[in-house]
Amino acid sequence: MTVNELKEQVLEGNFISREEAEWLAAQSDKEALYEAAHEITRTLASEEFDMCSIINAKSGRCPENCKWCAQSSHYKTKADVYDLVDKEECLRHAKYNEEQGVARFSLVTSGRKPSGKNMEKLCEAARHMRRHSSIQLCASLGLLNEEEMLALHDAGITRYHCNLETAPSYFSNLCSTHTQAEKIRTLKAARNAGMDICSGGIIGMGESMEQRIEFAFTLKDMEVQSIPINLLSPIPGTPLERQEPLNEEEILTTIALFRFINPRAFLRFAGGRSQLSTEAVRKALHIGINSAIVGDLLTTIGSKVSEDKTLIEEAGYRFSDSQFDREHLWHPYTSTTDPLPVYKVEQAEGATITLESGQTLIEGMSSWWCAIHGYNNPVLNHAATEQIGKMSHVMFGGLTHEPAIELGKLLLPLVPPSMQKIFYADSGSVAVEVALKMAVQYWYGKGKEKKNNFVTIRSGYHGDTWNAMSVCDPVTGMHSLFGSSLPIRYFAPQPRSRYDGDWDAGDSMELQNIIEQHHEELAALILEPIVQGAGGMWFYHPQYLREAARLCKQYGLLLIFDEIATGFGRTGKLFAWEHAGTEPDIMCIGKALTGGYMTLSAVLTTNEVADAISNHSPGVFMHGPTFMGNPLACAVACASVRLLTSPVYDWQGKVNRISMQLREELAPARQLPQVKDVRILGAIGVIEVTENVDMAWMQRRFVEEGIWVRPFGKLVYLMPPFIIEPEQLTKLTSGLIKIIKEML
C-alpha cells in the first residue's frame with residue numbers, strides 16, 4: 001500500500017477504509033500526503049470557492065455545558081450577552097456580505113433552541129432578508145424538530161447547520177446536557193424538511209487522530225457535503241482553556257485525511273484559523289480547503305472578506321458569476337431558494353461543451369434535443385452571420401422575406417403530402433397552442449362550435465404554456481399542480497404495446513370508447529407519434545397511430561401530431577409519423593428545426609383545415625406572434641435542413657450508427673438490479689430505473705465523469721448530436737452505466 005495507490009483508489013470513485021486512513025495518518029512523508037490530497041481536491045472537489053458569513057443573532061446564556069464554548073452559562077467567560085437582534089440588523093449584515101460577493105449568510109443563535117416567540121421572529125427576519133436581498137440563507141439555531149425546520153424552510157432558509165463537533169466515541173467527554181444522537185436527529189429533520197445540511201466540528205479538543213478519522217467517516221456516512229473544520233481556540237473560563245493547541249502539521253494532516261475520506265465535500269475553514277501562519281493557511285487551501293466562513297465568528301475572531309479572497313485566488317480557486325446566477329436568474333424547473341448547481345459554459349464545439357473551469361463534457365442531450373448538428377457548426381454559423389448583415393428581424397404581418405419563403409420550400413417535400421400550409425411560431429409550446437387553436441377554429445368555421453375539447457393519452461407532454469399544459473398528463477406530468485385550473489381534457493391510457501413488441505388489439509379500446517362517447521364535443525386528438533418524450537420516454541407500437549387515425553376519421557376529429565421532439569431524424573425516420581404511414585391533419589415541428597441555434601417552430605396543416613378557417617368568420621386565423629417568421633431564425637433553419645438532407649451528411653447513416661452503438665453499449669444495464677428497462681429507438685437511448693434519481697447527486701457525478709446528461713424522474717437517457725464520434729458516445733454510455741451502478 002502506498003499514498004499514491006490510495007489516492008488513485010479515491011480518484012477512481014472508491015472510498016478508502018478507516019484502516020487505510022489510519023495508515024495514511026501514520027506516514028512520515030507528509031508532503032506526499034498533502035500533494036495526494038491536493039490532487040483529489042483538484043479532480044473531485046469544486047474549484048469554485050464557497051464563502052459563507054454569519055451573524056451571531058443571539059449571544060450567551062446557553063444552558064448547555066459544551067466544554068469549548070464561551071456562550072455556556074455554566075462557565076464564566078467574557079462573551080457578549082444579548083437577546084435576539086432585530087430583522088433590520090440581520091438585513092444590514094446580509095446586504096453587506098452580498099455586496100462582498102459572499103454566497104451564503106447564516107443566522108446563528110446561542111442556546112439549546114429558540115423559544116416559540118423567537119422562532120417566529122427568526123422566520124420573519126429570514127423573510128425580510130429574502131424580500132430585500134438575494135443572498136442564500138442558512139441557520140444554526142440548535143436542536144430543532146421537523147415542524148420547526150419546515151417553518152424555517154418556508155421562510156427562505158435552505159441550509160441548516162448543526163455541528164456534530166467530534167467523534168461519536170469522544171462526544172460525551174465534552175458535553176453531557178445533550179447527545180450527538182440528538183444532533184443527528186436535528187440534521188435528519190432538516191433534510192426531511194427539504195434543506196441541505198452542514199455539519200463539522202472542532203479539532204484539538206483532546207481527541208486522538210484516530211477519533212478525528214472516526215469523525216470524518218461519520219460525516220461521510222451521513223453524506224454531508226459541507227463540513228466546517230474549526231480549530232479550537234481555548235477560551236479563558238471554559239474547561240478547555242488550557243488545552244494544548246495542535247501544531248500546524250497535525251492540522252494540515254487532518255485536513256488531508258478529511259479530503260481523502262470526503263473527496264467531493266466542501267471542507268470549510270471556520271473558527272480558529274487566525275492562529276495559523278499565513279503559510280499554513282495557504283497550504284490548507286492547497287491541500288483541500290475549498291470553502292470558508294468569513295467575517296466575525298460566534299466566539300472567535302474571523303477575518304476580512306477581502307483578505308480571504310486574496311489568499312483563495314492565490315491558491316488557484318475562483319469566484320464565478322454563478323453567484324449572481326444563483327441569486328437572480330431563474331432556471332427551468334428550478335427552485336430560487338434552493339437551486340440545483342449550474343455549470344457555467346465558456347464554449348461549445350461539435351459534441352462537446354467546455355466549462356468555465358476548463359473541463360470539457362461530452363454532450364448527451366443535444367441541448368434538450370435540438371442541437372442535432374452539434375455546436376459551432378460552420379454551415380449554420382455562416383447562415384446566421386450572412387443573414388444578420390441583411391436583416392435580423394422584420395414583422396411578418398403584411399411583410400414577407402426570402403428566408404421564410406425558402407424554408408417553406410424546403411419543408412413541404414419532407415412532410416406528409418397533405419401538409420400544404422405553414423404557420424411559423426416562436427417555440428414548441430406555442431406551436432401546440434397554435435395547433436389547438438387551429439382545430440377549434442376549424443370546427444367553428446364548420447358551424448360546430450361545441451367541438452372545442454381535446455383527447456390525448458396519458459404520459460404525454462406537449463409544452464409549458466396554458467393549453468399545452470392541459471393536454472399533458474394531469475396526474476404524473478410536470479403540470480399536475482395546475483390541474484384544477486386548466487381546461488378539462490379527456491385522457492386515454494398510455495399505449496402499452498411496445499414499439500419493438502407485439503400489437504395488443506385492446507390497446508386502443510379505451511381511446512375508442514372516449515371518442516365514441518364524446519366525439520360531438522371533441523375537436524381533435526393530439527399525440528406525440530411513437531415517442532412520448534418528457535412524459536416518460538416511452539416508445540409505443542405504430543399500429544396505435546393507425547388505429548387513432550381510423551377513429552378520428554370515423555368519428556370526425558382532427559388528428560394533431562406533435563413532432564417537436566421527434567422530428568428531423570431523431571427516431572430513425574425523418575419524422576415519426578413515417579413509422580406508421582399515417583398522415584395527420586395538423587403537425588407541429590420545432591427544436592431541431594434550426595439545428596438548436598435559435599428558437600423557431602412551425603405548424604403545418606392541410607388546405608382543408610386552412611380553407612375552413614379562412615372562408616368563415618372572422619375570415620382569418622386568430623394568432624400572430626411578434627417574432628413570427630423571424631428572418632434570422634428562418635435563415636439558420638434553411639441551412640440546418642439543407643445540411644441534414646444533403647447526401648454527403650447522410651443523417652440516416654449517422655442515426656443508424658448511433659442506434660446500433662446504443663443497443664450494444666447500454667445492453668449491460670439490463671442486468672443491474674436498479675434498472676427496470678432499457679429501450680432504444682433511433683438516436684434515443686433510455687435507461688429507466690426503479691426509483692426516482694437524486695438529480696443533484698447524479699448531475700454532479702455525470703459532470704465529474706466528463707459527460708453532460710440531465711436525467712429526470714426515473715429516466716436516465718441520451719439524445720446525442722448526430723455528429724457525435726463513436727468514442728465520445730462510448731464515454732457517454734459507459735458513464736451512464738457507471739453512475740447508475742453507484743445508485744445501489
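Glycine too: its Cβ is placed from the backbone N, Cα and C atoms.
Among ASP473, ASP562, ASP585, ASP677, only ASP562 appears in Swiss-Prot as part of the pyridoxal 5'-phosphate site alongside GLY428, SER429, PRO625, THR626. Among the candidates SER106, SER110, SER169, the residue that Swiss-Prot annotates alongside CYS138, CYS198, ARG268 as binding [2Fe-2S] cluster is SER106.
Among ARG259, ARG264, ARG273, ARG710, the residue that Swiss-Prot places alongside TRP368, TYR461, LYS591, GLY624 at the (8S)-8-amino-7-oxononanoate binding site is ARG710. Residues CYS62, CYS66, CYS69 make up the record's [4Fe-4S] cluster site, and a Cβ search at 8 Å around their centroid adds GLU64, ASN65, TRP68, ALA70, GLN71, SER72, HIS74, SER110, CYS175 from the same chain.
For CYS138 ([2Fe-2S] cluster binding site), the same-chain residues that are 6 or more apart in sequence and have a Cβ closer than 8 Å to its Cβ are CYS52, ARG104, PHE105, SER106, LEU107, ILE157, THR158, ARG159, TYR160, HIS161, CYS198.
Looking only at Cα atoms, ARG268 ([2Fe-2S] cluster binding site) sits nearest to CYS66 among the binding-site residues CYS66, TRP368, ASP562, LYS591, ARG710. Neighbour density at the Cβ, taken as the number of other Cβ atoms within 10 Å, is lowest among the binding-site residues SER106, SER429, THR626 for THR626.
Most other Cβ atoms within 10 A: among the binding-site residues TRP368, TYR461, that distinction falls to TYR461.
The most densely surrounded of the binding-site residues CYS69, CYS198 is CYS198 (count of other Cβ atoms within 10 A of its Cβ).
Contacts of GLY428 (pyridoxal 5'-phosphate binding site) defined by a Cβ separation under 8 A and a same-chain sequence distance of 6+ are given as GLY463, ILE564, ALA565, CYS588, GLY590, LYS591, SER601, in order along the sequence.
Within 10 Å of ASP562 (pyridoxal 5'-phosphate binding site), counting C-alpha to C-alpha distances, fall the following of the binding-site residues CYS62, CYS66, CYS69, TYR461, GLY624, ARG710: TYR461.
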